[in-house]
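These notes concern the structure reproduced below.
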């Protein structure tokens, strides 16, 4: 019963009411790319919003016509008979503001100038994204989500939904996430941003009009990211000290690719630099850095969660050193102080932060069981 | 009794016999910068060699005349009354081949061309460094070292000494080190090297003749390095999410320095890019990658250590995630298989990999006690 949902189509939704951003700036109007799967029931009670992480999009599941390789980023989670079952739920994926997959972002034309926004695109926050997503829900006639779910930066959006719109979220599923970045997390983001900002082809963010893109910086940023997504154990198992060359018994004594892990990183970095936008990378890492709902409460996360109404599923993975289990536990503890219903699972998985995207029976069966319960509530 | 050794002077030693390198290349002749502290006894039995890590030098302790700020990198370890007591031992620091502090390296003039070696400087290994260091010992009339000691990449040299010259090392002290890099270690090195290699000012390694240096790449490399030297806990304690700006209650909504940790990394990176040489960074990270004494024995570290004769002190630090305690334990286990005398200590310290350079009573008292025993042996 675990087949992909098959061919899907994305649509662009236009919003013409200005959106006031946390920075004080506003967007006069904007587009958001949206995909939906399954059918909204008559009571409009079975809607689930999936929030994406740094480099993903609205394309959560299925594939596009004539593009069988274009599988959605969470296709193993969302589909007929899958943990989040499209036969039971109406599921929405939205490409966030500032991203580079069709929603309004730095690559879009600024109506004020007729040229791409570039560096003039405002710095957006997790809360800004949530406010923009709420307008999609309004347009689709969804008053309350059965669930808002996300992994990593997507989990932050799910958490922000439950704080900003407590009446509109029945369940919040925060996977491999954290209520705030650590200094080390920010440090990795800063190196990635520095690589982009210092690339001579960055041109202060306005590289579009120069006909170039800061590939070198974006490539380095992605290489750094990749190291933090994988666990030390996983890298050891996948690559170890395996050699790239055929001459296994002697080194090349140069700085070309010597080890498999170098080849992997260069390949991933190079691929990413072709399809992703550097300004979006800057924006998404800043949104990560800035997210900290406790900040307005003098660092008291419990106070920040005082008005939440949702039930929570919080999942962490043992070898995730980007957002380790302790960060999820911090969230769980603060929620329990308000007697919220919280299910917490720490999945023993070797794959580091990436585990949230991978197929793992214990993880998927947990999410499946959790959604089965939600399905009963909204039937 | 813990004063600095005071004013010290470095000297340049010239070696005119060709040095055959592991790569098959050779250096016709070369210079090495050397510093010594304390007095070699009549039996020449109290000599200790200190091997340096990635970015350090022969300048281990004391300071230079009229430069009170120029304290040696291990001044808290080496001096009168310090754990390695200059009143008892004759201590030698050597700047490794390929480094940028006066020993022959990529910045030196290639006698074959009259121009800086640049990219033509051969890729050197830990074993090459050890062979070059052995010639310094020969020149100073030291047949056997009371101890060879190093931290991190320096610990690899100490280990290589005990394997390559088993008769010439009484004690090997390997601190915060590892018998080989992991895939994750290599991955971080690869990103650092990529940053340098892809800097437009790198010019294939021959930037000297262009009057520039690849500052952007070197700065990024150092920023990445710094993250791996500090523990997550230590960064949390030092920086947390502390803000750089005076406006603590609102974000700047841009990509300038927002958090203290960003300021720290940019400062460290910028400073490093001014004083360090990019080609040396490439060489030192490659020497790290390549070190793997077990490789010639089909990965059997125990077999690689079969002919060692030294006694060992192995020290690791609990929060060191660059070379975690498990890597030291791997070495200890292989040594015990040959019934070598091994003292192993895992120091509970919050400072990550950098802990080996910092003052910590338990760590320093252990090293002090170990050297007190060596002093009795060589009296």
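Don't overthink the numbers, they just go from 1 along the chain as shown.
A Cβ is built for glycine as well, from the same backbone N, Cα and C atoms used for every other residue.
DSSP assigns residue A:152 (active site, nucleophile) to coil, not to a helix or a strand. If you take the C-beta of residue A:152 (active site, nucleophile) and look for same-chain residues 6 or more apart in sequence within under 8 angstroms, you find A:53, A:54, A:175, A:176, A:177, A:322, A:323, A:353, A:356. For A:152, the entry in TrEMBL reads active site, nucleophile.
Long-range neighbours of residue A:354 (substrate binding site) (same chain, six or more residues apart, CB within less than 8 Å of its CB): A:229, A:230, A:234. Per TrEMBL, substrate binding site is recorded for A:222, A:354.
A sphere of 10 angstroms centred on the C-beta of residue A:320 (active site) encloses 28 other C-beta atoms. Look at TrEMBL and you will find A:320 (among others) tagged as active site.
Just so you know, the Cβ of residue A:322 (site 'Important for acyl-CoA specificity') picks up 23 other Cβ atoms within 10 Å once every protein chain is counted. According to TrEMBL, the site 'Important for acyl-CoA specificity' annotation covers A:322.
Residues or ranges marked as active site by TrEMBL: A:353 (among others). Take the CB of residue A:353 (active site) and look out to 10 A: across all protein chains shown you find 24 other CB atoms.
Rounded to a whole value, the Cα-Cα separation of residue A:222 (substrate binding site) and residue A:320 (active site) is 18 Å.
Residue density at residue A:222 (substrate binding site): 22 other Cβ atoms are found within 10 A of its Cβ, drawing on all protein chains shown.
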